[in-house]
Amino acid sequence: MSAALYIAERDFKGFFGTPLGWIAACIIFLISGVVFFIIVNLLLVRGQSIDPVADIFGQVLGFLNYINIFIIPAFTMRAISEDLGNGTYRLHSAAPISTWEIVAGKFLGIMFYFATIITLMLIYPLYTFIFTQPDLKVLITGWLGLILNSAAIISIGLFISSLTKNPVLSYLGSTFFILIFILSGFITGIPDWYRKSVNLLELSSDFTRGLIKTGSLATYFAIILVFLLLCRFVMESKKWRL
């Protein structure tokens, strides 16, 4: 896994060396900060208690799950498609590095980036320690839910990225696929287990309420593993055509 960690570290540092990495971070911080402080200030102006501030932050994290549907594909769109287009993957294929290490490295690099941004956002609810004692359980579970939801979207984005050499098509395809994947859970008449499995937004809602369910964790890990394996399969099939 040393090769995977090397790729992850390289990509992670690369994100903070590009405008995209900083723009995405600013967007996430700006949206979460504005929404959070507007709600808190409204409560203070009205003289209401801000004891449920952790619940408020949980809702902010839930809102970011929607935003990530459009932000994360901007990071995954070049992860593999660009390597396929410029011939980098051909060099990787000739090197003593497995396809799985490439996929895992790409996944971890993007995941570390978003985990860093999400963790730094905890500064907002910690600010409210001045006024009250937030429920740390809700903060932690909400943080975990956003991490898992981001990981699921990243794995889907990497799979779509492996299907094309065009980053723009990869972005559009990832966003469209994720939306269809989620919206298919709203079709009437489908089994309840399927609806809960494909609706990533509903899966994360339990975490923003301070709940960690074994079924939700298993579903997230299954989605991540399945799409990473699909990505590996597609890349392996392309290797033989190089």
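Using N, Cα and C of the backbone, Cβ positions are placed for all residues, glycine too.
Where the annotation comes from TrEMBL, it is an automatic prediction and has not been curated.
Owing to the predicted nature of the structure, the values given are computational and were not obtained by experimental measurement.
The domain 'ABC-2 type transporter transmembrane' annotation in TrEMBL covers 55-190. If you look up TrEMBL, you'll see 20-44, 56-75, 107-127, 139-161, 168-190, 210-235 marked as transmembrane segment.
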Checklist entry - Looking at the stretches 107-127, 139-161, 210-235, which one shares the most CB pairs under 8 Å with the transmembrane segment (20-44)? => result 107-127
Checklist entry - So how many of the residues in the domain 'ABC-2 type transporter transmembrane' (55-190) end up helix, strand or coil by DSSP? => result 110 helix, 0 strand, 26 coil
Checklist entry - By a Cβ-Cβ criterion of under 8 Å, what residues six or more beyond either terminus of the transmembrane segment (210-235) are in contact with it? => result 54, 58, 80, 89, 99-100, 102-104, 107, 135, 137-138, 141-142, 144, 148-149, 151-152, 155-156, 158-159, 161-163, 196-197, 200, 203
Checklist entry - By a Cβ-Cβ criterion of under 8 Å, what residues six or more beyond either terminus of the transmembrane segment (107-127) are in contact with it? => result 4-5, 7-12, 14-16, 21, 24-25, 28-29, 32-33, 36-37, 53-54, 57, 60, 68, 72, 75-76, 79, 134, 139, 143, 146-147, 150-151, 154-155, 158, 228
